[in-house]
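Per TrEMBL, the features are as follows:
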- 145-399: domain 'Aminoacyl-transfer RNA synthetases class-II family profile' (DOMAIN)
- T203, R234, E256, N353: L-serine binding site (BINDING)
- R234, A235, E236, V249, H250, Q251, F252, E320, I321, S322, S323: ATP binding site (BINDING)
- T355: site 'Important for serine binding' (SITE)
Amino acid sequence: MRFNLMKIPLRSFCAKPVCAIIPEDLHHYGSTSNLDKMEQNVLLRKGSNNIPVIRELIKKLDMKNDSDVAKLKGELSKLPNLTHPRIVNYGDEPKELEQFSPSDSFPTHATEFSEVAKYMNIFRMDHLGNYTGHKSYYLFGKLAELEQAIKEYTVQQLLQNNFSLISVPDILPKEVIEGCGMNTDGERTQVYKLDSGLCLSGTSEMALAGFFENQVLEEKQLPIKVAAVSRCYRAETSGLNEEKGIYRVHQFTKVEMFAICAESQSEDVLELFKDLQLENFKKLNLKIRLLDMPPSELGAPAYQKYDIEAWMPGRKVWGEISSSSNCTDYQAKRLNIRYKTDKGETKFAHTVNGTAAAIPRLLIAILESNQVDKNSIEIPNVLGEYMKNCSITKDKLIPEIKLLKHLKHDI
């Protein structure tokens, strides 16, 4: 049964979550043994070790001094989540849990996505820098239809599994993005910031989490499963050959899953997300593998994370097409999302997120995995239901755009 989202009360925006990241007593953080454990966790996850700074701040802390407390909260907020004990001995490599191939005749060789899509006149990425910037692209004809088909197919699968669909904003306050564990400042940030101070969302997970900010839910309402289709904006880029083309771009469309859970539910919900991803991708005639990710690949918010990769025969590499993460109470503490237990106790909720469909990478995997010959690509049956036919053939020529320099003539 889907949760009625209209039961979430309207509220005025709170620029800073009311949640205190540190408890009123500092016995937990002041304990040498606890600080040692935190430091071990930071080093295990290959993060920036700020525990020495925290030790010094605690030694000098005056709880009546707002500046001291603010500095300590700031440093504590930089700490990553705890790490699931199952993965602490993985080292730096993921563990492959499962591999699936649709048939014994799955292609070992194929034409790379950009090459075949350009040949069929359904894609352009060249000569766009003068008005859309680096890593921009256009999809035409059947390829644009395929993008829509992937979205519609994925949303229908989620609705059948009792997700509630939300249309979310793409422009968010930095506090919401930071509350989800994404840094918005510094040279290495992946976040686009507007002159107003607001930010472009990197994933609808952020807007979905922000929807529940400062809410106190009832345990009997949980888990709440929601989904969104949105444009995602990321400042990251890559010069790696295997990530060329639309594999890593500045803006793309994604279908996202998100859940608010009780603390006893989050591991089961993560398994549900992962199983749903596998089920949906297996219907797309893709060779895929499931990876249990090591501590160094979790990022700050995740307690544990699964990645799903597809074999891309044109590139001859495995490429990530999806991930799902259990963030336990990491995001909920920063966004003040709580629930009342059946016994009347108030606790921080757990959050789980997962990529249901990252469109560009699925386009790559589908076009490289379903080539009949140079002039024809068969579309998986589940997607053909949302298109005029189940094949892509060479389209009419679309005029090429070329850069022209403006010439000044002396008079």
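Positions of Cβ are set from backbone N, Cα and C atoms, glycine also.
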Residue from H250, I321, T355 whose C-alpha is spatially nearest that of R234 (L-serine binding site), among the recorded positions: H250
T355 (site 'Important for serine binding') as reference: those binding-site residues from E236, H250, F252, I321 with C-alpha within 10 Å of it: I321
Separation of alpha carbons, N353 (L-serine binding site) and H250 (ATP binding site) (Å): 21
Sorted by sequence, non-T203, R234, E256, N353 residues with Cβ within 8 Å of centre, L-serine: S201, G202, S204, E205, M206, C232, K254, T355
Residues T203, R234, E256, N353 [recorded L-serine binders]: greatest CA to CA distance in Å: 18
C-alpha spacing of F252 (ATP binding site) relative to N353 (L-serine binding site), in angstrom: 18
T203 (L-serine binding site) versus F252 (ATP binding site) - Cα distance in angstrom: 10
Maximum Cα-Cα separation (Å), residues R234, A235, E236, V249, H250, Q251, F252, E320, I321, S322, S323 listed as binding ATP: 20
Cα distance (Å, whole number) from E256 (L-serine binding site) to S323 (ATP binding site): 10
Residues satisfying Cβ distance under 8 Å from E256 (L-serine binding site), sequence separation of at least 6: T203, S204, E205, L208, A227, A228, V229, S230, N353, G354, T355, A356
Other CB atoms within 10 A, centred on R234 (L-serine binding site): 19
Neighbour-count leader, CB within 10 A, binding-site residues: T203, S323, N353: N353
